[in-house]
Amino acid sequence: MQGKIIKSLAGFYYVESEGQVYQTRARGNFRKRGETPYVGDIVDFSAEDNSEGYILAIHPRKNSLVRPPIVNIDQAVVIMSAKEPEFNSNLLDRFLILLEHKAIHPVVYISKMDLLDSPEEIKAIGRQYQAIGYDFVTSLEELLPLLADKITVFMGQTGVGKSTLLNRIAPELALEIGEISDSLGRGRHTTRAVSFYNTHGGKIADTPGFSSLDYDIANAEDLNEAFPELRRLSHECKFRSCTHTHEPKCAVKAALETGELWPVRYEHYLQFLSEIENRRETYKKVIKRK
């Protein structure tokens with residue numbers, strides 16, 4: 001039999017197959033090979049009615065995220081608050097390059113719009129992201145249709161209202177709502193283990209996790225690929241390995257001068273590139289010491 005792991009709890013894996021859910025365990029040979037089944041895995045398994053089954057094989061994964069681990073994701077809703085905490089395009093772009101690198105479709109959702117005196121600034125920013133090709137929504141009514149036929153996870157800085165949003169999408173989840181700490185301006189972690197939940201024609205992960213940014217982009221080429229607008233323009237650069245910093249006849253810098261490219265995104269690209277290069281230099285120094 002073949003199915004999808006929709007929940008993992010205390011060593012048991014709950015596999016959905018043809019409308020039924022089976023409780024299974026992983027055979028010991030997975031541990032010997034250093035393999036662990038995760039929520040989202042497509043697996044082959046054996047199970048009889050009303051009895052414990054066993055996972056026999058894990059199919060190749062198209063992508064994965066960590067903390068909590070979840071695999072084979074179709075899209076991720078990146079939740080950014082308009083206020084408390086303040087909207088941060090640099091942080092948003094960090095989430096976006098993580099998702100681009102993992103081949104996960106991003107959807108940007110702006111929470112707490114009601115706290116703004118005027119929504120125009122956020123809407124103007126939204127138009128810039130939409131021009132790149134991203135879904136950028138500011139209401140639940142805009143978000144819900146995007147969940148159909150997709151496996152969706154939710155990510156965002158602590159305190160942006162991840163639990164609140166999930167409770168609005170599926171009230172039966174009854175996720176604990178975090179509070180904003182007055183002293184820190186940051187939310188407290190109030191999430192739990194991951195599992196899938198059927199809602200609005202798709203599946204969502206019932207955890208507002210993924211507030212950490214563990215992206216493994218290690219070079220300029222990968223970073224370029226993680227910026228869709230740079231990726232499209234870079235085919236017109238004179239040099240194939242153009243980093244869009246100092247090279248002549250760079251299509252990205254030309255687009256910046258003509259106003260075709262949003263300067264904010266280019267500034268973030270340069271900052272992230274500098275961080276990658278600094279990490280590489282630090283790594284080289286550590287290796288030399290050894």
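In case you wondered, yes, glycine gets a Cβ from its N, Cα and C as well.
Model, not experiment: these values are computed from the prediction.
Listed in Swiss-Prot for this protein:
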| type | residues | note |
| --- | --- | --- |
| DOMAIN | 62-213 | domain 'CP-type G' |
| BINDING | Ser111, Lys112, Met113, Asp114, Gly156, Gln157, Thr158, Gly159, Val160, Gly161, Lys162, Ser163, Thr164 | GTP binding site |
| BINDING | Cys237, Cys242, His244, Cys250 | Zn(2+) binding site |
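Sequence features annotated in Swiss-Prot and their locations in the structure.
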| residue | record | CB count, 10 Å |
| --- | --- | --- |
| Ser111 | GTP binding site | 22 |
| Met113 | GTP binding site | 14 |
| Gly156 | GTP binding site | 27 |
| Val160 | GTP binding site | 30 |
| Lys162 | GTP binding site | 29 |
| Thr164 | GTP binding site | 16 |
| Cys237 | Zn(2+) binding site | 21 |
| Cys242 | Zn(2+) binding site | 23 |
| His244 | Zn(2+) binding site | 24 |
| Cys250 | Zn(2+) binding site | 20 |
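When the binding-site residues Cys237, Cys242, His244, Cys250 are ranked by how far their Cα is from the Cα of Lys162 (GTP binding site), His244 comes first.
Listed in chain order, the residues near the Zn(2+) site other than Cys237, Cys242, His244, Cys250 are Leu233, Ser234, Lys238, Phe239, Thr243, Thr245, Glu247, Lys249, Ala251, Val252, Lys253, each with its Cβ within 8 Å of the site Cβ centroid. Here the Cα atom of Ser111 (GTP binding site) is found 38 Å from that of Cys237 (Zn(2+) binding site). Counting only the Cα atoms, the space from Cys242 (Zn(2+) binding site) to Thr158 (GTP binding site) is about 36 angstrom.
The separation of Val160 (GTP binding site) from Cys250 (Zn(2+) binding site), Cα to Cα, is 38 Å. Just so you know, the Cβ of Thr158 (GTP binding site) picks up 19 other Cβ atoms within 10 Å once every protein chain is counted.
Here the candidates are the binding-site residues Met113, Gly156, Thr158, Thr164, and by Cα distance the one nearest Cys237 (Zn(2+) binding site) turns out to be Gly156.
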